[in-house]
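What Swiss-Prot says about this protein:
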- GLY8, LYS9, GLY10, GLY11, ILE12, GLY13, LYS14, SER15: ATP binding site (BINDING)
- CYS94, CYS129: [4Fe-4S] cluster binding site (BINDING)
- ARG97: ADP-ribosylarginine (MOD_RES)
Amino acid sequence: MRQLAIYGKGGIGKSTTTQNLTAGLVERGNKIMVVGCDPKADSTRLLLGGLAQKTVLDTLREEGEDVELDSILKTGYAGIRCVESGGPEPGVGCAGRGIITSINMLEQLGAYTDDLDFVFYDVLGDVVCGGFAMPIREGKAQEIYIVASGEMMALYAANNISKGIQKYAKSGGVRLGGIICNSRKVANEYELLDAFAKELGSQLIHFVPRSPSVTKAEINKKTVIEYDPTCEQANEYRELARKVEENDMFVIPKPMTQERLEQILMEHGLID
């Protein structure tokens, strides 16, 4: 069983990328579980046909400790198992703790069955606080992929996440598997992301182009592969799935200084 965490700044398209990637992996004959670790709880919406899934934390609040697995785990597209950890009530508590509670509960309830090939954690990545770092810190996820684009803030976040990975890689077995570019159609985007990934000592594992097919599929509450399996974008996600499945480049990243990051941005025309 490979356990992967997908990080990236808010709004970058992590959840969309993760769900489309898992749809590609399931086509390749893999059994998959997706654990949403974002308080927005939208990490499994496209796999469940838009059903707002009840989160682990909501279920715990309503039902107390006595929770059955089938009340927090729903089966979605092509048998993908879907869980949302959810978040605390606004203004109270820590969302990171929710992730810890959820993963512990899934373990106790026997969700991690031997037939699973992949478990994905879709994690909010602007803040690499202890709770959100939990999938890396506790050695749950061995592989991290960062979703980024050619925008400055996306790369700042990706560099910060790399610092978190570097910190926990020394004690645990966590490694960076690569950067996934979710294109924003910024000038020189491919070259910039490729240079950024190489500077970290990693790779740009795939460049996902921007496409109206993604929005159309989302409006229809489906992944692109389910909604329009023959379109070009569906093949992009299949290619991403192949590259992730066959990936053998796992590194402890070398995060860069602010100055070096800005230098790379300047070299590729993002800062004048």
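Using the three backbone atoms N, Cα and C, a Cβ is placed for every residue, glycine included.
A map of Swiss-Prot features onto the structure.
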{"residue": "GLY8", "record": "ATP binding site", "Cβ neighbours (10 Å)": "28"}
{"residue": "LYS9", "record": "ATP binding site", "Cβ neighbours (10 Å)": "24"}
{"residue": "GLY10", "record": "ATP binding site", "Cβ neighbours (10 Å)": "13"}
{"residue": "GLY11", "record": "ATP binding site", "Cβ neighbours (10 Å)": "10"}
{"residue": "ILE12", "record": "ATP binding site", "Cβ neighbours (10 Å)": "25"}
{"residue": "GLY13", "record": "ATP binding site", "Cβ neighbours (10 Å)": "21"}
{"residue": "LYS14", "record": "ATP binding site", "Cβ neighbours (10 Å)": "26"}
{"residue": "SER15", "record": "ATP binding site", "Cβ neighbours (10 Å)": "23"}
{"residue": "CYS94", "record": "[4Fe-4S] cluster binding site", "Cβ neighbours (10 Å)": "14"}
{"residue": "ARG97", "record": "ADP-ribosylarginine", "Cβ neighbours (10 Å)": "16"}
CYS94 ([4Fe-4S] cluster binding site) versus LYS9 (ATP binding site) - Cα distance in angstrom: 18
CYS94 ([4Fe-4S] cluster binding site) versus LYS14 (ATP binding site) - Cα distance in angstrom: 21
Cα distance (Å, whole number) from ARG97 (ADP-ribosylarginine) to SER15 (ATP binding site): 20
Assigned conformation of the residue listed as 'ADP-ribosylarginine' - DSSP reduced to three states: helix
Rounded distance in angstrom between the Cα atoms of GLY13 (ATP binding site) and CYS94 ([4Fe-4S] cluster binding site): 23
